[in-house]
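*Asks:* Structure incoming, see below.
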Number of protein chains: 4
Amino acid sequence: MSHNTFGHLFRVTTWGESHGPALGCVVDGCPPGLKLTAEDLQIWLDRRRPGAGKFVTQRQEPDAVRILSGVFEDERTGGPVTTGTPISLMIENVDQRSKDYSEIARAFRPGHADYAYFAKYGVRDYRGGGRSSARETAARVAAGGVARKVLGEGVTIRAALVQIGPHAVDRARWDWNEIEKNPFWCPDAAMVDVWERHLEATRKAGSSTGAIVEVEATGVPAGWGAPLYAKLDAELAAALMSINAAKGVEIGEGFASAALSGEDNADEMRAGNDGPIFLSNHAGGVLGGISTGQPVVARVAFKPTSSILTPRRSVDESGAEIELRTKGRHDPCVGIRAAPVVEAMTACVLADAFLRHRGQIG
Amino acid sequence: MSHNTFGHLFRVTTWGESHGPALGCVVDGCPPGLKLTAEDLQIWLDRRRPGAGKFVTQRQEPDAVRILSGVFEDERTGGPVTTGTPISLMIENVDQRSKDYSEIARAFRPGHADYAYFAKYGVRDYRGGGRSSARETAARVAAGGVARKVLGEGVTIRAALVQIGPHAVDRARWDWNEIEKNPFWCPDAAMVDVWERHLEATRKAGSSTGAIVEVEATGVPAGWGAPLYAKLDAELAAALMSINAAKGVEIGEGFASAALSGEDNADEMRAGNDGPIFLSNHAGGVLGGISTGQPVVARVAFKPTSSILTPRRSVDESGAEIELRTKGRHDPCVGIRAAPVVEAMTACVLADAFLRHRGQIG
Amino acid sequence: MSHNTFGHLFRVTTWGESHGPALGCVVDGCPPGLKLTAEDLQIWLDRRRPGAGKFVTQRQEPDAVRILSGVFEDERTGGPVTTGTPISLMIENVDQRSKDYSEIARAFRPGHADYAYFAKYGVRDYRGGGRSSARETAARVAAGGVARKVLGEGVTIRAALVQIGPHAVDRARWDWNEIEKNPFWCPDAAMVDVWERHLEATRKAGSSTGAIVEVEATGVPAGWGAPLYAKLDAELAAALMSINAAKGVEIGEGFASAALSGEDNADEMRAGNDGPIFLSNHAGGVLGGISTGQPVVARVAFKPTSSILTPRRSVDESGAEIELRTKGRHDPCVGIRAAPVVEAMTACVLADAFLRHRGQIG
Amino acid sequence: MSHNTFGHLFRVTTWGESHGPALGCVVDGCPPGLKLTAEDLQIWLDRRRPGAGKFVTQRQEPDAVRILSGVFEDERTGGPVTTGTPISLMIENVDQRSKDYSEIARAFRPGHADYAYFAKYGVRDYRGGGRSSARETAARVAAGGVARKVLGEGVTIRAALVQIGPHAVDRARWDWNEIEKNPFWCPDAAMVDVWERHLEATRKAGSSTGAIVEVEATGVPAGWGAPLYAKLDAELAAALMSINAAKGVEIGEGFASAALSGEDNADEMRAGNDGPIFLSNHAGGVLGGISTGQPVVARVAFKPTSSILTPRRSVDESGAEIELRTKGRHDPCVGIRAAPVVEAMTACVLADAFLRHRGQIG
């Protein structure tokens with residue numbers, strides 16, 4: 001990960017601001033010969049799209065992705081296929097509502113990146129958060145669609161929300177089928193109403209709330225990842241922490257492992273037909289930075305959206321003290337829309353680990 | 001981070017196995033003209049050194065570091081100084097006790113990297129964990145000593161343990177002066193006895209326990225880090241997650257932020273003489289991936305050591321089912337010795353962010 | 001350099017095929033606050049543009065560059081300025097003449113990348129050479145325009161052709177003012193006619209010819225570049241050799257230095273007001289991989305265009321033997337249009353070296 | 001290539017100064033399971049070793065390489081094998097003759113890196129050239145030995161000198177068997193005497209002379225290398241230009257291709273049993289940056305050694321004008337000892353290209 005690029009053999013470079021003409025990414029290093037159309041990517045973008053529910057921003061963006069390079073079709077390829085050259089993906093910004101930004105043009109919104117960008121660069125595109133906007137994650141989701149093609153059918157990656165505000169799901173009631181039935185990616189049917197009431201109250205109060213997303217990748221064979229500084233869990237940590245508003249990442253048992261004894265934490269093994277069978281998965285599918293063949297499990301904590309209607313104390317570029325409330329079209333819980341982004345980043349990390357493993361080991 | 005190298009402008013490449021003749025690292029990209037002697041690095045290594053207390057491994061390693069390149073002294077330099085060329089650091093392994101490894105040579109210890117390495121590479125140096133041994137962290141600590149020179153006196157980095165097993169410190173009693181007074185890097189004097197009893201019981205039971213380490217870097221100016229995939233918090237997440245036994249990383253409020261409201265989480269600002277004054281630090285000193293001038297705060301969760309005396313079910317390379325207990329000189333709580341490593345990795349990440357910031361911005 | 005990205009702190013990622021909808025690049029790591037408009041880049045693209053003379057391809061491409069991100073203007077910035085975030089540049093392909101490619105779709109043109117791409121990827125976009133087309137160099141030229149902004153007014157980079165076919169310029173008649181007066185970037189007024197006749201004969205014969213381009217960068221201060229594997233000359237060599245049809249790169253005296261004695265080759269120094277004054281520049285401004293303050297001088301050899309009308313023996317994808325002549329709109333001497341590309345790559349390498357030097361040294 | 005590291009999946013980081021205690025490298029990303037002993041590497045080092053003839057430096061260095069990590073042997077591995085973890089190689093400096101360096105400590109030797117290092121870093125290890133010494137190439141040769149193991153028996157890499165001073169070999173007399181029979185890696189038996197007399201005269205005059213080395217790699221399959229900025233020829237150009245005293249690199253026909261017509265330069269193809277048969281190899285085995293299956297051919301020009309006994313005008317650190325002659329143990333023709341280094345760098349580039357190709361394509 002460096003600058004606006006992540007990955008080593010499967011590399012993604014993203015670009016674009018919230019209110020510029022477009023945003024996009026270049027996916028480089030993709031293996032050739034994979035069937036790929038814009039529709040294959042659009043299905044993932046549609047899951048992330050704002051405007052899909054009342055608890056996400058009301059900005060209306062079709063998020064239609066175009067493939068500008070790296071895919072070719074002729075009579076022999078049986079449809080468009082990747083050529084091994086860079087895949088340029090572009091999403092035009094359509095609904096940059098012509099708005100008066102004069103109020104925040106020089107103000108630093110508390111909890112936002114405003115001050116940090118200004119301190120670093122001396123100039124910032126304040127319209128809609130500029131580069132720090134969650135709009136950028138559309139490019140990640142598109143790239144994740146390509147990564148899924150690289151991984152193939154054998155690897156399944158899916159995310160769920162496991163906590164919104166103080167309300168955590170009951171893991172005993174976990175049902176992956178539920179996540180498609182509610183707007184919160186909630187795997188616990190009984191929790192949906194609780195979250196809905198909590199979000200409704202949050203929205204009415206002009207406030208916001210945090211969340212925790214869990215992602216699981218099944219079908220990852222043992223051996224991916226590379227000690228020591230390309231450990232699969234370290235790569236995941238970086239990729240997931242790079243998502244807007246992320247403040248924590250954990251693998252498997254994560255922070256809870258601190259309270260465990262060695263007996264309780266170690267995953268015992270028994271003989272299986274195809275490698276060992278693990279009797280538990282406290283490790284979250286990664287040991288020594290290398291996948292074990294068990295499901296890779298990670299969680300990401302998202303802070304509450306900083307854009308709230310409640311006035312907060314701050315300063316502006318001149319150093320003057322101000323009171324600021326952030327109007328506009330904001331998610332009360334940015335974690336909800338983060339679920340597809342968490343999936344996409346996980347897919348990209350795994351695709352890269354797969355190619356690197358194949359490179360070194362064959 | 002890739003392979004066994006991390007960092008971009010300030011780069012560290014480590015090498016070595018637990019029972020090889022030596023281990024070390026190459027620190028590349030260090031600015032020239034910094035005073036640097038082996039003694040400057042040794043003070044940090046001595047803090048990490050095993051054998052310093054009864055709750056860490058009894059393996060006796062002097063961990064004497066040698067500087068093999070990159071430092072030069074003549075009459076004008078006023079002592080050895082860095083030359084800007086790669087600094088090669090080497091630590092010889094002295095106490096590789098001649099031991100019979102036949103018992104574990106083909107066995108996969110549950111919770112260890114044994115199986116994952118074997119699945120990936122088809123061959124592994126099983127002596128003392130080979131490359132996956134925590135011995136490797138000595139090289140990180142040495143590199144961290146160089147990083148501190150790059151950062152200079154203005155930046156202070158220090159770590160404390162905030163939890164061992166289920167016992168967390170009381171932050172109201174936090175006193176940084178305490179951490180030098182006990183063998184646990186414990187900032188809460190009242191917790192020392194509790195931890196000591198817990199560790200004594202753990203040791204007697206042949207068991208192990210997890211821990212959480214907190215690191216704080218003060219004096220970091222606003223502006224370090226670079227969105228989006230070189231975010232300071234993403235770099236920290238990767239660096240800290242790459243430490244042996246780490247299972248979680250969080251910045252500032254971290255996972256707790258999920259339960260907060262936007263009002264509670266946002267750090268308000270007032271006018272200060274030298275940039276804004278923040279009224280709280282839920283962000284942990286990083287917004288939008290860029291430092292804010294507040295202390296950078298991160299926490300790392302360490303799982304309990306997998307090497308325990310209690311027999312656990314496992315398999316061996318042939319696939320046969322076995323029962324395994326790990327004898328040998330092991331820490332009951334690997335988190336204790338991780339504190340200096342967490343400091344070192346934080347120092348390296350910050351030194352790299354500093355140089356990169358200076359490169360882009362001047 | 002890796003995949004389709006080059007540079008370390010100043011990084012360029014290019015994408016696009018000859019006959020796709022567009023091509024472009026992402027310029028990442030650019031310092032903030034630099035004035036930058038599309039017009040600033042267009043002037044360089046216009047110099048590279050095909051269709052400008054009868055000795056370059058007749059494909060008519062306006063090569064109008066759009067800036068899609070990374071530049072922002074508000075009332076205070078005094079015009080559009082870079083923000084430090086990635087600059088996405090896009091050039092639409094307009095004149096992809098609807099052509100029948102069936103003749104070459106499965107054939108490997110001798111001297112072209114056709115066979116190599118097919119052998120590597122198993123699939124290739126054969127329309128106009130696909131990714132291997134010189135169209136891609138438009139993106140390099142645009143990126144070079146940004147690099148020149150980073151370098152500022154103090155650094156001047158200019159290229160000249162010093163040989164076309166067997167006809168080399170007379171260096172005694174070198175006049176930089178001449179290069180704008182003829183379509184060949186020729187600094188030797190007396191050579192223009194010779195080249196024109198040679199090219200006319202080449203064109204009429206349906207043949208092609210090679211060329212050598214020389215580039216000079218003045219105003220580069222001493223100290224840029226970093227031993228050993230980021231040597232300024234090694235970076236230049238990679239960047240220049242990556243240009244289509246390049247087959248050789250030399251610095252300063254280059255290959256001629258092999259025949260020199262140490263006395264003749266070493267550049268003696270005398271005292272100057274601002275560092276040493278060199279009495280010659282056999283080194284081409286680089287010693288030990290680091291700039292000396294003298295002009296940086298490099299030369300690049302370009303092979304003759306492989307697309308010729310003369311039938312050549314080849315094979316096709318099925319392995320069948322064929323005879324092939326390449327019709328279409330091709331340059332008889334690709335080296336002519338390479339001059340602005342050589343300038344652009346040199347600018348990018350120097351901008352990157354500048355930022356890296358500033359990062360390490362301050 | 002960045003800092004002191006080169007390669008992407010097969011990565012080499014070198015360290016060490018001429019007069020420090022040791023030098024070495026870390027070879028990272030090596031596939032596991034390859035048989036590797038210090039003796040396997042020593043054979044290549046012995047070919048590069050100074051003191052082997054009267055035309056190379058008389059410094060006596062055994063250049064005994066030690067493997068400090070990354071190789072493991074137990075009863076099942078059938079000898080020491082690579083484990084996939086970093087291979088640390090160290091060569092101790094033995095013959096750092098205790099010499100009085102006061103004469104050159106503050107002087108800038110013309111043609112040397114002295115001034116450039118000083119201008120960049122403000123401090124330099126002047127003993128024997130410090131980091132800029134050709135001693136560093138011992139580490140490259142050791143790494144090249146590992147790279148050859150990765151490439152396996154199928155790929156053969158060998159270098160020859162094709163020119164010393166003004167005297168070029170006659171390619172019609174080329175015989176690879178000759179290069180082992182003379183101290184100059186000369187493939188033209190009739191040229192040996194000429195070179196010997198030229199070198200003897202050069203040595204007696206206290207002068208030096210340049211040279212050109214040609215390297216050929218056979219057995220490289222079609223498909224290695226990756227457009228556009230990881231082109232095989234661009235990678236080779238960077239790797240070869242990074243060698244001390246290199247001033248030019250060319251592939252295949254190289255600079256001579258500028259004078260050719262398209263008909264003469266294109267390599268025609270006929271049907272073969274295993275891919276096309278090329279009727280010539282002007283391309284030097286690389287088209288579009290990708291190997292074609294033909295021998296990869298490159299040439300590197302080396303300038304004459306700058307260390308000569310003839311007094312030359314220069315300045316010192318204070319800016320004062322001086323006259324300087326470089327006494328000491330220097331090669332009259334550094335190109336001679338460069339041949340094994342050219343081989344080694346070629347091997348490393350190819351090994352990296354092989355692994356990357358396997359990563360992307362499988």
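Cβ coordinates come from backbone N, Cα and C, glycine included.
These came from TrEMBL, pasted as-is:
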- D:ARG48, D:LYS54: NADP(+) binding site (BINDING)
- D:ARG131, D:SER132, D:SER133, D:ASN244, D:ALA245, D:GLY288, D:LYS303, D:PRO304, D:THR305, D:SER306, D:SER307, D:ARG329: FMN binding site (BINDING)
*Asks:* Taking the Cβ of D:ARG131 (FMN binding site) as reference, which residues of that chain separated by at least 6 in sequence fall under 8 Å from it?
*Replies:* D:GLY16, D:GLU17, D:SER18, D:TYR117, D:ASP125
*Asks:* Which one of these binding-site residues, D:SER133, D:THR305, D:SER307, has the sparsest Cβ neighbourhood, judged by other Cβ atoms within 10 angstroms?
*Replies:* D:SER133
*Asks:* How many other Cβ atoms are found within 10 Å of the Cβ atom of D:ARG48 (NADP(+) binding site), counting all protein chains shown?
*Replies:* 23
*Asks:* Just name the binding-site residues among D:ARG48, D:ARG131, D:SER133, D:ALA245, D:LYS303 whose Cβ comes within less than 8 Å of a chain C Cβ; none is a fine answer.
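*Replies:* Among the binding-site residues D:ARG48, D:ARG131, D:SER133, D:ALA245, D:LYS303, the ones whose Cβ sits under 8 Å from a Cβ of chain C are D:ARG131, D:LYS303.
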*Asks:* Please give me the CB contact count at 10 A for D:ALA245 (FMN binding site), counting all chains in the structure.
*Replies:* 24
*Asks:* At a CB cut-off of under 8 A, do any of the binding-site residues D:ARG48, D:ARG131, D:LYS303, D:THR305, D:SER307 come close to chain B? List them or say none.
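*Replies:* Of D:ARG48, D:ARG131, D:LYS303, D:THR305, D:SER307, the entries that lie near chain B are D:ARG131.
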*Asks:* Once the chains shown are all counted, how many other Cβ atoms turn up within 10 Å of the Cβ of D:LYS303 (FMN binding site)?
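*Replies:* A count of 30.
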*Asks:* Using C-alpha atoms only, work out the spacing between D:SER307 (FMN binding site) and D:ARG48 (NADP(+) binding site) and round it to an integer in Å.
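*Replies:* Answer for this pair: 19 Å between alpha carbons.
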*Asks:* What whole-number Å value do you get for the CA-CA distance of D:ARG48 (NADP(+) binding site) and D:LYS303 (FMN binding site)?
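*Replies:* Cα-Cα distance, D:ARG48 (NADP(+) binding site) to D:LYS303 (FMN binding site): 18 Å.
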